[in-house]
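Asker: Grabbed the feature section from TrEMBL, which reads as follows:
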- 1-96: domain 'Vitamin K epoxide reductase' (DOMAIN)
- 20-37: transmembrane segment (TRANSMEM)
- 44-68: transmembrane segment (TRANSMEM)
- 74-93: transmembrane segment (TRANSMEM)
Amino acid sequence: RWGRGLGLLEPLVGRESALNVPNGAIGLLFYLLQGLLGPCGSRVASVTLLGTSVASALASLWLGLVLIFGLRDLCLVCLGTYGVNLALLALNLRQW
């Protein structure tokens, strides 16, 4: 359940909805955007990077809480991903 739409979209749009995409697809889009816009120096790119990094940090916090308190588990790969997302947030804050 938590692997699609952050576990939040299924109750709203249904399990089979096209909006209920896998978290990996959201992450792939996020990291592609970070990689492609990172070298750009424009104000629009900087705001986009910062906005998506804030969203990613919030999603990481949510999924981390679900992992620890909901599923009562610990995943080192997940925690590493959350750390990368927080590092990207720090870098994008610095660039902005």
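Backbone N, Cα and C atoms are what each Cβ position is placed from, and that goes for glycine too.
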Asker: Summarise the domain 'Vitamin K epoxide reductase' (1-96) as counts of helix, strand and coil residues per DSSP.
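Answerer: Tallied per class, the domain 'Vitamin K epoxide reductase' (1-96) gives 70 helix, 2 strand, 24 coil.
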Asker: So what's the mean pLDDT when you look at the domain 'Vitamin K epoxide reductase' (1-96)?
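Answerer: The answer is 94, the mean pLDDT of the model over that range.
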